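A quick write-up on the structure given underneath.
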């Protein structure tokens, strides 16, 4: 993660612009926190230790080497909220329906608090090393392996977000077109086939945007994306009081079960319960954007950035819970992994408007995430100098692969499940705790904190060991039963 999980602050836009030279210095991304004229770091690289450690020296640096933050606390909260908000919000009602209200609330609260703790670990690591970029931090602590692991986790997370956004186009655009044509949902034709439409949108709109050399104003669409999701939440709450339970589906055969079907469940276990935790984790990933936002924060300090994360996560917690609970109380066990798809827009201008707004938002957000993934690949291959043929070829190949995955993936819960138990788990649990334990392994004063970090790491490993086999088992059962999972 709608990411809209992209956290589009200035630092990211600079990083996503393709550099002109092969040997590009990344020192502009290495900020150093200074307290009383000295760097507070016990894990500083040899290269940096040879530099003068005084404020006067820092003031003499070039602007691209040390840039004081200029973003206010309020705008930083907005930026981090943008980074947190993603397509995961559409799957939370489905997660609630398969866990029950009480269990879902426990899971949502737990992931929120654990995510805040992981950001605290990340900020401590940044302060100790002087690194303000996640990949640089991994490289300094674990060498090339650390850099590759973080690049891989971040790229997988962004790819998962792109898949979920294009899946929304595949699901929602046919309904929107049918509504605009005045046709019923049962209407079928090649031009309202989601698979055809997602390919047309990808190569007609997204491909030209992805071929641009830099993002330009496209990078500022995250504000629009967040606004769309706030609008979606308002509509979900409003529609709860308009749509009757079972949505007119009850008849003489099922009337006896209507009361039970329209009664909220507080604790539920079934084969789909396994997707709840990965979906929630997917919805809260913002860690690649935390350090860039930190670097832009005015008068930055660890305490101030922690306040930014606390406010942002609390706001998203409220928004996520309201969306999940009202979506669930509208459709109960009939809710789908894409909540928006359950609403019928035929003859309903409000639903049609929110559907079109979300479609436009995700279409504009995909290129932003694509720039990040492609830039990461070029940097790993040390091919940072712009080359038109390579630029076009890599773009087309990646978009073809992504489209094939979108066409053949049965439902959004599969995206949430896979990305949630892999990259989201790595970015929230495993990487921050591993970095912290490595950095503080010589610090005897932090034994208590190290124990908590070790438990946090163990929790992430346990999450993977339990969730991955269960997701695979559900796929196997669904396939053997001839069901789409």
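Placement of Cβ uses the backbone N, Cα and C atoms for every residue, glycine included.
Copied over from Swiss-Prot, here are the features:
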DISULFID  245-262  disulfide bond
MOD_RES   6  phosphoserine
MOD_RES   11  phosphothreonine
MOD_RES   25  phosphoserine
MOD_RES   28  phosphoserine
MOD_RES   49  phosphoserine
MOD_RES   52  phosphoserine
MOD_RES   54  phosphothreonine
MOD_RES   56  phosphoserine
TOPO_DOM  1-74  topological domain 'Cytoplasmic'
TOPO_DOM  98-112  topological domain 'Extracellular'
TOPO_DOM  134-148  topological domain 'Cytoplasmic'
TOPO_DOM  170-188  topological domain 'Extracellular'
TOPO_DOM  212-216  topological domain 'Cytoplasmic'
TOPO_DOM  238-273  topological domain 'Extracellular'
TOPO_DOM  295-310  topological domain 'Cytoplasmic'
TOPO_DOM  332-348  topological domain 'Extracellular'
TOPO_DOM  370-391  topological domain 'Cytoplasmic'
TOPO_DOM  436-450  topological domain 'Cytoplasmic'
TOPO_DOM  472-485  topological domain 'Extracellular'
TRANSMEM  75-97  transmembrane segment
TRANSMEM  113-133  transmembrane segment
TRANSMEM  149-169  transmembrane segment
TRANSMEM  189-211  transmembrane segment
TRANSMEM  217-237  transmembrane segment
TRANSMEM  274-294  transmembrane segment
TRANSMEM  311-331  transmembrane segment
TRANSMEM  349-369  transmembrane segment
TRANSMEM  392-412  transmembrane segment
TRANSMEM  415-435  transmembrane segment
TRANSMEM  451-471  transmembrane segment
Grouping DSSP H, G, I as helix and E, B as strand, the residues of the topological domain 'Cytoplasmic' (134-148) number 15 helix, 0 strand, 0 coil
Spell out yes or no: are there three or more C-beta pairs under 8 angstroms between the transmembrane segment (451-471) and the transmembrane segment (274-294), with each pair 6 or more apart in sequence?
yes
Under 8 angstroms, Cβ to Cβ: which one of 274-294, 311-331, 349-369 has the largest number of such pairs with the transmembrane segment (189-211)?
349-369
If you count every Cβ pair below 8 Å, which range out of 113-133, 274-294, 349-369, 415-435 shares the most with the transmembrane segment (149-169)?
415-435
When you measure from the Cβ of residue 262 (disulfide bond), how many other Cβ atoms are you left with inside 10 Å?
15
What does DSSP call residue 245 (disulfide bond) in the simple three-state scheme?
helix
Per-state residue totals over the topological domain 'Extracellular' (332-348) - DSSP helix, strand, coil
7 helix, 0 strand, 10 coil
In the three-state DSSP scheme, residue 262 (disulfide bond) belongs to coil
Is the topological domain 'Extracellular' (170-188) packed against any residues at least 6 beyond its ends, judged by a Cβ distance under 8 Å, and which are they?
194-195, 197-198, 201, 338, 340-341, 344-348, 352, 355-356, 358-359, 406-407, 412
Go ahead and report the DSSP secondary structure tallies for the topological domain 'Extracellular' (170-188): helix first, then strand, then coil.
12 helix, 0 strand, 7 coil
The number of other Cβ atoms within 10 Å of the Cβ of residue 245 (disulfide bond), counted over all protein chains shown, is 17
